[in-house]
Amino acid sequence: MAGNCSWEAHPGNRNKMCPGLSEAPELYSRGFLTIEQIAMLPPPAVMNYIFLLLCLCGLVGNGLVLWFFGFSIKRNPFSIYFLHLASADVGYLFSKAVFSILNTGGFLGTFADYIRSVCRVLGLCMFLTGVSLLPAVSAERCASVIFPAWYWRRRPKRLSAVVCALLWVLSLLVTCLHNYFCVFLGRGAPGAACRHMDIFLGILLFLLCCPLMVLPCLALILHVECRARRRQRSAKLNHVILAMVSVFLVSSIYLGIDWFLFWVFQIPAPFPEYVTDLCICINSSAKPIVYFLAGRDKSQRLWEPLRVVFQRALRDGAELGEAGGSTPNTVTMEMQCPPGNAS
């Protein structure tokens, strides 16, 4: 999550340092890990341009998602989650783009170091927020599919907004704690608190968030298979959520392997830092493509407005009165409500 500079392990200091920059510890280079005694070759210079191009494409795509989901498409509980996901991705991609510009131009000095520090904090916070939103939207979608009647009657009107706000606050709190223990307390001497924070973040992401997003997705997969056997069209919204979780799991493999090998077996990370950063950037840039592919109508040969495509991606495929007048699920009922009543 940090800049693409060469790494040198300083004696007596667990934090990786960037030579030629300031003496502040380079803490967020591998996502959130501060690995001891890792000496890595600098990434190829072309990687900075690849990062910059990828971030700019992702910023354009997520910017369109912010515009359409925020101002053009009628809101429903799941579009609110996607809106906050796009906001987190924009923040992370922006911080990574600034890093790429600074590294490409070779900017040095106190001000450049300050911008890098701000981008590290911003990137970590946005990354944690985006990861924590995926289990929330997966669990809510699973509840709306498996228990539609109970879910619609019991669900608070503003549940999506409240959950997103809480996740933003928790991500900011965890980021501040990590910054405090690993930057302010780690300037003088290496501290065990920073290592504990790294372990805590790994447990939070890989042992808590990942299972919480995978289990609801397994339930959605079973639901999709049951509908396929009954020759019913599956919900596009299910495909969107399954695709987003799959992209995250695939893109986080390298980061997870690095963390697991080091903290469990004390084996140095096998992958270069820029590989894990590139995978995270791909994950943040891929969501607009997922919305587009899920929402496009293959039977339409002519060009369709993006608003129509994105709105179609939110459909859940349920028909009112399906299965002998069964209760419609959340998204169908929300889309029929006036715009001011969506939560």
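Placement of Cβ uses the backbone N, Cα and C atoms for every residue, glycine included.
The annotation N-linked glycosylation site is assigned in Swiss-Prot to Asn4 on the grounds of sequence analysis.
According to Swiss-Prot, the feature region 'Disordered' maps to 320-343.
What Swiss-Prot records for 1-44 (among others) is topological domain 'Extracellular'.
Residues or ranges marked as topological domain 'Cytoplasmic' in Swiss-Prot: 67-82 (among others).
Positions annotated as topological domain 'Extracellular' by Swiss-Prot, on the basis of sequence analysis: 105-123 (among others).
The feature topological domain 'Cytoplasmic' is assigned by Swiss-Prot to 145-160 (among others), with sequence analysis given as support.
As annotated by Swiss-Prot, topological domain 'Extracellular' applies to 182-198 (among others), with the evidence given as sequence analysis.
The topological domain 'Cytoplasmic' annotation in Swiss-Prot covers 221-241 (among others) and rests on sequence analysis.
Here the topological domain 'Extracellular' (264-273) has, by DSSP, the following mix of helix, strand and coil residues: 3 helix, 0 strand, 7 coil. Sequence annotations record features per position, and here Swiss-Prot assigns topological domain 'Extracellular' to 264-273 (among others).
The feature topological domain 'Cytoplasmic' is assigned by Swiss-Prot to 295-343 (among others), with sequence analysis given as support.
Remote same-chain residues near the transmembrane segment (45-66) are listed as 4, 82-83, 86-87, 89-90, 93-94, 96-97, 99-101, 103-104, 274, 277-278, 281-282, 284-285, 287-289, 291, 306, 310 (criterion: CB distance under 8 Å, separation of at least six residues from the stretch ends). The transmembrane segment annotation in Swiss-Prot covers 45-66 (among others).
The transmembrane segment feature in Swiss-Prot is assigned to 83-104 (among others); the stated evidence is sequence analysis.
Residues or ranges marked as transmembrane segment in Swiss-Prot (evidence: sequence analysis): 124-144 (among others).
According to Swiss-Prot, the transmembrane segment annotation covers 161-181 (among others), on the basis of sequence analysis.
Under the heading transmembrane segment, Swiss-Prot lists 199-220 (among others), citing sequence analysis as support.
Residues annotated as transmembrane segment in Swiss-Prot, with sequence analysis given as evidence: 242-263 (among others).
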- line: Per DSSP, the topological domain 'Cytoplasmic' (145-160) contains 11 helix, 0 strand, 5 coil
Query: Under a Cβ pair cut-off of under 8 Å, which of the recorded stretches 161-181, 242-263, 274-294 contacts the transmembrane segment (199-220) most often?
result: 242-263
- prompt: Along the topological domain 'Cytoplasmic' (67-82), what average pLDDT does this model show?
  reply: 90
- prompt: Cβ under 8 Å to the transmembrane segment (161-181), counting only same-chain residues 6 or more beyond its ends: which ones?
  reply: 27, 32, 80-81, 84, 121, 124-125, 128-129, 132-133, 136, 140, 191, 193-194, 196-197, 201, 204, 343
